[in-house]
Amino acid sequence: MSKIRQIAFYGKGGIGKSTTSQNTLAALVELGQKILIVGCDPKADSTRLILNSKAQDTVLSLAAEAGSVEDLELEDVLKLGYKDIKCVESGGPEPGVGCAGRGVITSINFLEENGAYDDVDYVSYDVLGDVVCGGFAMPIRENKAQEIYIVMSGEMMALYAANNIAKGILKYAGTGGVRLGGLICNERQTDREYELAEALAKRLNSKLIHFVPRNNIVQHAELRKQTVLQYAPDSDQANEYRELARKIHENSGKGTIPTPITMEELEEMLLEFGIMKTEEQELAELAAKESAVAK
């Protein structure tokens, strides 16, 4: 049996990470790949479109009902979705109580011990990326995920999160085999977005794997709890996800050790691309507005 490809999608909350990952994985199945998704986001929305349902019951919530995780069976937590993709959500605690990363650690250990990784070509971790704390870094830190794909956009906070995630990868790249597979830009139609995404990828010693164009068909599919590949398989957007899946499939062993940049360098980059303004520019604009009002 060939080695399992263990990949992870990281990205800041609200960037479209779970939507992008599920559409990409649905396209990977078309390439004949067997897939297990492990959702590592407390929102537990990493498998919704694959299962065509509301959020899946999580390992932590089921363990709480059963008494402990040892009282669970694999079939309690693992559901089969679109084209037999295996789906698991690790879950998290109530807001303000405990560490959400604990669910990730508990889930991965349980799944490995109970044979969930048997007979799959890919394991995909869908991970919250605003905070690269110990728990959320678990797939990286414990040498589970080998290829990290960062979902980002041309917005400042998405770029900031992408750079932070690169720092997390760098921290563990020396002790394990984890590498940055590349950046995936989810178009938000900001100024010079494609150029900026390519420039950041280059600065991080990586590449822009794919630029996913914005298309309302994604929202139409989501409202029906489906991936675009299921909802509109012949659409241009479905083909974008197929192209992204093909690029990831052909990217095995091509990941890099990232070179994250400082906050100052990131701000300089944003100034260079006209996304941020200098203090002088902002003062000049303010003076012009005040002058216009005075007239």
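Using the three backbone atoms N, Cα and C, a Cβ is placed for every residue, glycine included.
Annotated in Swiss-Prot:
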- GLY11, LYS12, GLY13, GLY14, ILE15, GLY16, LYS17, SER18: ATP binding site (BINDING)
- CYS99, CYS133: [4Fe-4S] cluster binding site (BINDING)
- ARG102: ADP-ribosylarginine (MOD_RES)
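Counting neighbouring Cβ atoms within 10 Å of each of the binding-site residues (GLY11, GLY13, GLY14, GLY16), the lowest count belongs to GLY14. In the shown protein chains, 23 other C-beta atoms lie within 10 A of the C-beta of LYS12 (ATP binding site).
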